[in-house]
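Here's the structure we're looking at; comments come further down.
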Amino acid sequence: MATRELYWNIEYHWLIYPMLVIALGFFCYGFYQRYQLWQIGRPENRRQNIGKRIGDVLLYGLGHKRILKDAFPGIMHLLMFWGFALLFFATMIVALQADLGINMFKGGLYIFIKVTANAFGLLAIIGCLMAIWRRYGQRPDRLDNKKDDAFVLALILTILVTGFVIQAVRMAAVEDPWGMYAFIGYAMAPLFKGLSNSTLEGIHAFLWWFHFILVMVFFGYFPYSKLSHILLAPANQFLRHHGPIGIPENIDFEDESLETYGKSKLGEFSWKTLFNTDACLRCGRCQDNCPAYLSGKHLNPKKVIQDMGAYLEEMGQALKTYRAANPALAVAGSGNEVAAAAEADTGAQVPSEEELGLRSLIGDVIAEDDLWDCTTCRSCEEQCPIFVEHVDKTIDMRRNLVLMESRFPAEAQLAFRNMENNSNPWGIGWSSRGDFLQSVGCSTIEENPDAEILYFPGCSGSFDARNQKVSAALVKLLKAAQVNFAILGSEEKCCGDSARRLGNEYLFQALAQENIETMNGYGVKTIVTQCPHCFNTLKNEYPEFGGNYRVLHHTEYLNELLAAGRLKLHKAGSGSERGGNSQSVTYHDSCYLGRYNTIYTEPRTLLQAAGFRITEMSRHHEKSFCCGAGGGRMWLEEHQGQRINEMRTDEAMAAGAEVVSTGCPFCLTMISDGIAAREAVESVKVLDIAEILVERISE
């Protein structure tokens, strides 16, 4: 029966047990230290939807769904991960027989394990060589090389190679009738055939113990190195956010116990936020997809996470010193100093970063420019293979600067004042908000309380001359479909998206509560808007304040009307009608429509229904490049690097279409400005989908 002698040529193999205990001691102590650092953060429940979370680990961890979106590093990691995992599984099978007496390492299972372990071991070596070539040969900008990276790669490769060499030396020393199934060792065995048995036994014993010690080093070094991501990455995938994406944490301004708003200290963030900084792979995909970084701004999302992680390490060391000097706070098992003080009932005050001799998080660790450069586009989060959350940290620190320090870009002050005084960022008189829509035949909900739809045009659709054309087109489409709709008119306020993303949570909540009170007063059930920022805010953020509505982006609702036969379109022709001189269109995915709400199909379906052939830009769908206006940056100037909107415009023009279509007023403005900057106004049209469809209405 196929098998082999376990521990052939190995004396004192009982020594593996104390060595294993020592390695596991380092392993457990290292993670306990990490756990204590995470507990500096506030509690946060990430245990809902356990079944779905397990599915996330299977899909994104074991299945590598996101990692494989970037082909070379994805395949590289897949080979290393599954190669090493299968070798570990094979070793466990051997251990079950050697240590527990479960006689199973024989027969067909033995042959299967030998073939599988050799195949996957070879794949792991290939993956490791790919990693070495990529890191030290290709040297992509997004990778930062540390000594730990080289050591870990060398350690893994040496473990893999010595395993095969040990196998080959054993087969050269003793006849193994089943050796051909261990095909790597079998192929290498002739290299050692000329050596005497005593020499082969000496080489084998030395390599066996060397290999085993390296494996123990692997486990002992695991929590102190990049190796920790083998556990922390799937853990972060398990703990990822479920539900609507990108919703900032609500601040209860009526809670008198709050001493600060926003976050400027690590202890003010949740433990999950701190966990993110440890789980980060340093793969740099966030950096490679960040419009601020790629346009030459100060922000580097990868560096922000890594700098917060390094600062967490500094704080951990400082707190160790503090605990040693204040034994009353050293409550067993607690890394949360606030909880420790409460349990000890000492009344002692938790020291500030300044008292601990630490740098300030905002300013010293994270530059203020990093915070204001962010467009909150979520490209960093969408591309991260383990779901590290970046944007919420940015908004939380912006809030602290705005609400506690009154430090923010000068341009934001004007936007804030205009929203405070006139409920729109332009500062146009609030009473004229409904004038344009009423001029194109819209009734207010006060006049038409039985309307099935509340049309929420937003600030751009009400006040901006260019976007008023979009509003007029949408109104015509709704009337063509015989939709009974109404507007709030002068009772509508800014949805508050820009205020919230710029850190002025108080202003956002004031605007939101006014809108909610008004809409609830009219019994509003369904809302349609052409602005993804209004759409996202009304749909995903208003419910927390009592505003529960069915909210549809105009591309969603127009699709419903089209499918129901209420809206009829004819195909684009070759006549002189607007946009009709070309049947090629490129569609720009808005960040807040796409990455925040996964609406990619509906806009394209409408364009195809109108007879257009869609030519995609180089970056589209979830990889779409931001226009530069999100996160309140519509109201801020770009003082450094390239203009983001012009970079996106270049991609749109490179697609070769004569029409650039979008479903967002901010994107429409930014790309129109980009086309003007490229002096291409005569050759490339920038249109909202509603403007394209209105020319295709079948009478």
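Note: Cβ is positioned from N, Cα and C throughout, glycine not excepted.
What TrEMBL says about a protein is an automatic prediction, not a curated fact.
Values in this document were obtained by computation on a predicted structure and should not be read as measured data.
The domain '4Fe-4S ferredoxin-type' annotation in TrEMBL covers 271-302. Panel annotation: around the domain '4Fe-4S ferredoxin-type' (271-302), residues 34, 37-44, 46, 70, 73, 140-144, 226, 228-229, 232-233, 235-236, 239, 308-309, 312, 367, 369-370, 373-375, 377, 379-386, 388-390, 392-393, 623, 625-626, 628, 638, 640-644, 647-648 of the same chain, lying at least six beyond its termini, place a Cβ under 8 Å from a Cβ of the stretch.
Residues 212-213, 216-217, 219-224, 228 of the same chain lie 6 or more positions beyond the ends of the transmembrane segment (12-32) yet place their CB under 8 Å from a CB of it. Under the heading transmembrane segment, TrEMBL lists 12-32 (among others).
Taken from TrEMBL, the feature transmembrane segment applies to 75-96 (among others).
Through the fold, the transmembrane segment (108-129) approaches residues 2-4, 75-87, 90, 93, 153, 156-157, 160-161, 163-164, 178, 181-185 of its own chain, all at least 6 residues removed from its boundaries and within a Cβ separation under 8 Å. Per TrEMBL, transmembrane segment is recorded for 108-129 (among others).
As annotated by TrEMBL, transmembrane segment applies to 150-172 (among others).
What TrEMBL records for 178-195 (among others) is transmembrane segment.
Summarising the annotation, TrEMBL assigns transmembrane segment to 207-224 (among others). For the transmembrane segment (207-224), the residues of the chain that approach it from at least six positions outside its boundaries are 9-10, 16, 19-20, 22-24, 26-27, 29-31, 33-34, 155-156, 158-159, 162-163, 165-166, 169, 230-231, judged by C-beta separation under 8 angstroms.
Counting only same-chain residues 6+ beyond the ends of the transmembrane segment (178-195), those with a CB under 8 A from a CB of the stretch are 2-4, 110-111, 114-115, 117-118, 121-122, 164-172, 203. Counting residue by residue with DSSP, the domain '4Fe-4S ferredoxin-type' (271-302) contains 20 helix, 0 strand, 12 coil.
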